[in-house]
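Take a look at the structure below.
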Amino acid sequence: METSSNSSGSSSSPPSQHQQQQQQNSQLNLSSQSCFSNNSSSAADFNNYMESKLSEENNYYKNFNSNLDRGDSFKLEKESIKDTIKDNIKEDKICNDNNNSSSSSSSSSSGNNNNNIKDGRAPSPITTQQISPNKLILNTTKAITKPTPILNTQQTPTTTATTNTSTSTTNSTPSKFKKIKNSTINPTIEFISKPSLSVMFGFSPIYFVESIFIVLLIYILSNFVLKETSVYVISIFVIYFVIYFDNRYQIINKLSKSSINDSDSSSNNNNNNNNTTTTNNDSASTKGNNNNEISSPETYQKDVKSKINFYEHVNISSTNLNNVNTTSNTPITNPSNVNQPSNITTATTATTTSTNNNNNVNNSINNNNNNNNNNNNNNNNNNNNNNNNNNNNNNNNNNNNGNNNGNNNGNNNNILSKENSTNSLLNNLILNNTSVGKTHNRSSSGSDSIQPPPLPTGGSSHNIFYSAFPTHPYTDIDQSSTYRTRTFGSSSINNRKSLPPEYYNQYLNFLAHSNNNNNNNNSNTNNNNNNQSVSAPVSQLATPVYQTPGTNSVVGNLENDNENNNDSFSDINDNNSVVGNDFEQDDQILQNNGISTTTSTIVPTNDETKQELSQLENSNKVRSTVSKFIKLSTGVEEKLDWAIAQQCTLQPPRSSHSVTVYGSSLVLIGGEGITGENLVQFIDVERNLFISPKVTGGKVGPESIYNHDYCRIGNKFYLFGGYVAGKLSNKLYVLTIMDDSTVHWSSPRISGGCIPSPRYGHTFTRYGNRFLLFGGYDGEQCLNDLYILEPETMCWSTVTNIKGGQTPSERFGHTSTILGEKLIIFGGKGINNNNNNNNNNNNNNNNNNNNNNNNNNNNNKGLVELNDTHILLLNEIDSSFQWQVASFHQVSEIPSERSFHSATRVGRNIVMVGGKKDDSNGNPIALRDCWVLSYRMQWSKVSGVQFSPPRYNFGLIKNGSKLFILGGKGNNNNINNNSSSGGNNSSSSSGNSNTIITNTTNTTNNNNNNNNNNNNNNNNNNNNNNNNNNNNNNNNNNNNNNNNLSILDDIWFVNTVTLPISSSVTMINYSDIKIDKEIGKGHFSKVLKGNWKGKDVAVKKLNSNKDKAREEMIQEFKAEVELLGSLQHPNLVTCYGYSLNPMCIVMEFLPSGNLFELIHSKPSEQQQSIKLDSTLILAIAFDIARGMQHLHTRNIIHRDLKSSNLLMDKHFNIKIADLGIARETSFTQTMTTIGTVAWTAPEILRHESYNQKADVYSYAIVLYELLTGEEPYQGIPPMNAGILVASKGLRPELPDNCDPNWKKLVVWCWSEDPNKRPSFEEITNYLTKTF
């Protein structure tokens, strides 16, 4: 059975291209001659015939396999025929004209080998004479004489390498492992990955594996990585993205499963070696014998045509890309001398810019967000301006001031804003005299393939990718994971799987058709250079547009010049590079370029396209979701309802004063126009009491003082700077509170000669036992110097040991607040180093208007309000400092520019309120918005009922759980004109728009900007006149506003602690509570999280006690509930009610955890700033002492006071919990040991009688935890520690560097003799007078 390589009936030389085409067409012919045509037999007869033939084939192969010992001829025959019958469609092999004609490639079978069935007759056995030379060249020395029927496609594919001289074959008998693989492993894998199961039954084994992965990932993130973040937040993100990528995998697998696998096995077989072909059939996908079920000819023909259509576009056309019309895909005869007509556009261009610097090019930008300017440069001097207007509204209706078609002429030829970067929705790509071909064409891997032109770079810091279909606005997605974001010139193009082009074609046709419906009001923009205006149809834009939730705020380097019209790109880079990288406002870019962001109601016919479009629509919701979860993860209250103290007002009114807390009273010092006995005043807001204390040392004290700042240590207040008796001062005054009716003034002697200059508007902040002075205004210039005052030695010193960082610019009227080991400085009025004036943000050639802007923005000697945040890192170890500029998340808002606002600490957060901002004429505009800066450096705007009127130079202080605003300066008559409501960020008088929150830009006068943006309009004179009138009106309003400003006397407050729903405890039906999950469990009870009346609650469900009768248990339970219900205090956990069946107590839910977790949690790299500082330690100590004082006034002993029973709310207010074992004093004289050993008093451990002083001992142990951050008796077993405490007087060891005032209090509280321990009333007084 040997024969030569030419004995197979085929010519040794390859056939012509025409013959190859005929042979392939004969294999793919599914026309009227197919087995289901009108002239053929029925499908049932044909199936019967095929079954009989298949049984004959099986019998033949049984005999064939049994006769394998006859020689290698059968092996060669089987291997050769297996390779030859693997039918490959036309797309498996398309060679370029320059490729070697003798090269060949392998083919892979997908299971259906009946392509040669004609006229209803069974196919004749295939011999090597029937195989095209292009499909297989047999260079063997053995002949095949016996014709062989069609092989069963379930046989294992093998790998064969054929050459001109020899052929190496492998044993075709499947090994034991291959049999197991074919019979067990492959069906199992196919069953697991089969997506139809999840559709039919809602579940498949792959989802079980994913579920385990999700649970494990959430556990790792919540326990080791993101300890401070709620597990619910992590769960939502993990589940969302896992399901999202799984759905994407299902879409890609469904669309490209039948075609992509075939292309992978044959795309790399096109080599230029001499007559050498390597065939790898292991990667071919054989999925069983499909001869028993043959699809209808229409279905199969449609599938074949779709495959052919896909692989026709795999190799790029031989036509040069520079000479191709992208609309019709036809060559351009003379591209070098032809200007681009209107039907030539780039596939990804939605907002394009001019790049020809040799010509005088004027780029026009429509300020009404209705035009999309596409400037295509040619070799000629003429410029084409393509205006694509996708808005249904008339352009004349989009500007309130009547500036309808204002043009902005700039010297820069390439106008790119931050949003036109690589991460934006639109890629700015223009190639001179070049138009890109179809978006789904891919370059061939052959040696003569045409490489696409290089991409223009967008700057040194940006890697621009070719994103023809940038459906995802986020850059976290791998740029090489999909076809849509691949780079030009990639070396792995042939090996990468890709979505079929028909999917993209349907998607683009859908978008183009959708956009074309809105193309009703296209207009041309007139250039001053009389350039030709060409209107390009929207249908040619092959860039998808997605819809996002509407928003009027602009995040990034954009300015909003009008409240209802965001119409100006503000930042232009002179060297034609992208300025920034803000991905959040891609929809804003579309609006600014005239592209409609509203999706059409047209429904695509392709199911996969529908599913993908739904995925894209869902991805747009991630922006708002991320912003919401960021705010939730910070633990910041987003709503505060301010209320006015009805019966209490300041007498007299005050502004520019200082306010502090002493005990339960508020202390007011100084103020503008305040003199005499009212210079110092005590206020009790709840009881409406005003006390002017007796002043001693009055001759030393100031006659009047305002615009100063102070620091406090105990009962001493250190005041520096400001106006004293109407003059700027640099003198230091000390006010000592002797008691509630007496204060004493003194002026200490300063040692050394380094004394700060006189100033006002500075900040004076306490850090440890030192005072930090920063900034101010000395009457001539702003300052940014930094001083330190040692109160013990009264010595000033300048800070010189700053390790690095950028020092904040000179400023005054700012705020400085200690947050951990950081000094946070925000806002103020001074010199803006980043943008000295806003002319740098305007693209305008009109020098007169530039001068007008310069004059308006540089009022008050060139000083402007600021909204930057700077951080001074404080290191107590080496007393070194380092400046940093705070960076915030891109999707977050930040407060607008302001000065003379107020800020204070609330837990681990900073609350900032109010302030002022000068308008273009220098008139102050008061603000009233409220913001919170978390310890994670995340700003959050607080909603709720706002105080009124807006104000600045007021006092802000936290007393207990309440925030107070006292006095200030504002407009008390025209509230509506001066204040904003709801979500407005700032307020202004009539005619001025609200300030827009941006990250890096400063707002400018809106009317002046509109004036500048309308210089190229035919109605220029009229617009200028209108703007001048507006300016005059604004000036008049502002002057009136300035005249109406007055000193205020009102007091506003807000409670930061959740108030109880009702004043008394009521019985609650257990069915009314929606139980969520179990959050804790103990020996006597378990705690469940639930919801009652729309409020999160904690349900403490008691376990049944078999030793007690039910009636006895109910009586004790009711007594405990009544006791808890009567204890309404801000520092005690609120009890809402109870239920008898089952027995449970409903209490408020506190999700922030307990004090033990806060102190002893191991800080990660991201949590270094969470360290407890002296301010927070003092606040926590005060809260515990106040809560326990309230318990003891009711003759109640807690008996289990420890850090794990001290819960915290969102503002880190302490709530004393676990009062279940608390008893009245008369019932606890002889009870046995209760509580935790480390926090239990020694008299209880000795089983002696005890009283309220046992809780004082526990309080001392909690203070030890706060001061040291360590657990008590660490390393000693609890039982041994209890014995040593009870018998040997063991106590935890305080470190040597502990503050002596704190050490004194701790030692006092854990005295061995209970009678020597202080009461909680004495503790609160000690804290007030000492710290």
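Every residue gets a Cβ built from N, Cα and C, even glycine.
Per Swiss-Prot, the features are:
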REGION    1-43  region 'Disordered'
COMPBIAS  1-42  compositional bias 'Low complexity'
REGION    92-132  region 'Disordered'
COMPBIAS  96-116  compositional bias 'Low complexity'
REGION    150-175  region 'Disordered'
COMPBIAS  153-175  compositional bias 'Low complexity'
REGION    259-300  region 'Disordered'
COMPBIAS  259-287  compositional bias 'Low complexity'
REGION    320-419  region 'Disordered'
REGION    435-464  region 'Disordered'
REGION    512-581  region 'Disordered'
COMPBIAS  514-531  compositional bias 'Low complexity'
COMPBIAS  557-577  compositional bias 'Low complexity'
REPEAT    665-710  repeat 'Kelch 1'
REPEAT    716-769  repeat 'Kelch 2'
REPEAT    770-816  repeat 'Kelch 3'
REPEAT    822-868  repeat 'Kelch 4'
REGION    834-862  region 'Disordered'
COMPBIAS  834-860  compositional bias 'Low complexity'
REPEAT    909-959  repeat 'Kelch 5'
REPEAT    962-1008  repeat 'Kelch 6'
REGION    976-1042  region 'Disordered'
DOMAIN    1073-1331  domain 'Protein kinase'
BINDING   I1079, G1080, K1081, G1082, H1083, F1084, S1085, K1086, V1087, K1100  ATP binding site
ACT_SITE  D1200  active site, proton acceptor
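Structure coloured by features recorded in Swiss-Prot.
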{"residue": "I1079", "record": "ATP binding site", "DSSP class": "strand"}
{"residue": "S1085", "record": "ATP binding site", "DSSP class": "strand"}
{"residue": "D1200", "record": "active site, proton acceptor", "DSSP class": "coil"}
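In terms of C-beta pairs under 8 Å, the stretch of 716-769, 770-816, 909-959 lying closest in packing to the repeat 'Kelch 1' (665-710) is 716-769. Cα of S1085 (ATP binding site) to Cα of D1200 (active site, proton acceptor): a span of 16 Å. On a Cα basis, D1200 (active site, proton acceptor) lies 17 Å away from K1081 (ATP binding site). Cα spacing between I1079 (ATP binding site) and D1200 (active site, proton acceptor): 20 Å, rounded to the nearest whole number. Across the residues of the repeat 'Kelch 5' (909-959), the predicted structure has a mean pLDDT of 91. The repeat 'Kelch 2' (716-769): residue composition by secondary structure is 0 helix, 29 strand, 25 coil, according to DSSP.
Here the repeat 'Kelch 5' (909-959) is broken down by DSSP into helix, strand and coil counts: 0 helix, 32 strand, 19 coil. The least crowded of the binding-site residues I1079, V1087, judged by other CB atoms within 10 A of its own CB, is I1079. A separation of roughly 18 Å, to the nearest angstrom, links the Cα atoms of V1087 (ATP binding site) and the residue listed as 'active site, proton acceptor'. Broken down with DSSP, the repeat 'Kelch 3' (770-816) shows 0 helix, 26 strand, 21 coil. Under DSSP, the residues of the repeat 'Kelch 1' (665-710) split into helix, strand and coil as follows: 4 helix, 20 strand, 22 coil. Of all the Cβ atoms in the protein chains shown, 18 others lie within 10 Å of the Cβ of S1085 (ATP binding site).
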